[in-house]
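This is the structure, below, for whatever I ask next.
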Amino acid sequence: MGLLSIIRKIKRKEKEMRILMVYTLNIWDVGGQRTIRSYWRNYFEQTDGLVWVVDSSDLRRLDDCKMELDNLLKEERLSGASLLILANKQDIKGALTPAEIAKVLNLEAMDKTRHWKIVGCSAYTGEGLLEGFDWLVQDVASRIYMLD
C-alpha cells in the first residue's frame, strides 16, 4: 500500500474539513470632519458593516460623537449593518476605556436587533484592530450567508 493510499484512508475517516474563504472588503474612509458629513449618505446603499472610530482621548468631542452616531443609526439603509466601534488611542495615558466609551455613547440602549461590538484599539500600534475587523467580518458573514 502506497503512502497516498494511506493518506486517502486517513482523510476519509476524519470528520474535519478545512475550507479557505477569501473575502473582498470594500472600505471607504469617509472621515469625520463636519464639512464632509453630509456626503456620508452617498455610501449607505448596500452597506453590510459600519466602523465607527472614537478618539478615546478626546473627551470634549464625545457628546458630538454620540449625536452623530445616533443620527447615523437612524438611517434606514444602515438598519441591517453590523456596527464595530473602535475605541482608538488606547495607547494614550488617560484615554477612556471601551466600557466607559460604551456608557457615554449609551450603546446598551441601542436597538436590540443591531449587532454591535466595541473594541479598544490603537491605530498607532495596531493593537485591537485585528480583533475588531475579525468580529465584523464574522458577524456580517453569519448574517449574509445564513439567509442563503
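Cβ from N, Cα, C; glycine included.
Remember, TrEMBL labels are computer predictions, not curated facts.
Predicted, not measured: the structure shown is a model, and the values here were computed from it.
Relevant sequence annotations retrieved from TrEMBL are reproduced here:
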BINDING   GLY32, ASN88, LYS89, GLN90, ASP91  GTP binding site
Sort out the sequence-distant neighbours of ASN88 (GTP binding site) for me: same chain, 6+ apart, CB within less than 8 Å of its CB, listed by position.
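Same-chain residues close to ASN88 (GTP binding site) (Cβ under 8 Å, separated by 6 or more) are VAL53, VAL54, ASP55, SER56, CYS121, SER122, ALA123.
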Using Cβ-Cβ distances, find the residues under 8 Å from GLN90 (GTP binding site) that belong to the same chain and are at least 6 apart in sequence, listing them in sequence order.
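Spatial neighbours, sequence-distant, of GLN90 (GTP binding site): SER56, THR97, PRO98, GLY120, CYS121, SER122, GLU127, GLY128.
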Counting across all protein chains shown, how many other Cβ atoms sit within 10 Å of the Cβ of LYS89 (GTP binding site)?
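Taking all protein chains shown, LYS89 (GTP binding site) has 20 Cβ neighbours within 10 Å.
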For ASP91 (GTP binding site), what residues in its own chain, 6 or more apart in sequence, show a Cβ-Cβ distance under 8 Å?
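Looking at Cβ-Cβ distances below 8 Å from ASP91 (GTP binding site), excluding near sequence neighbours, one finds SER122, TYR124, THR125, GLU127.
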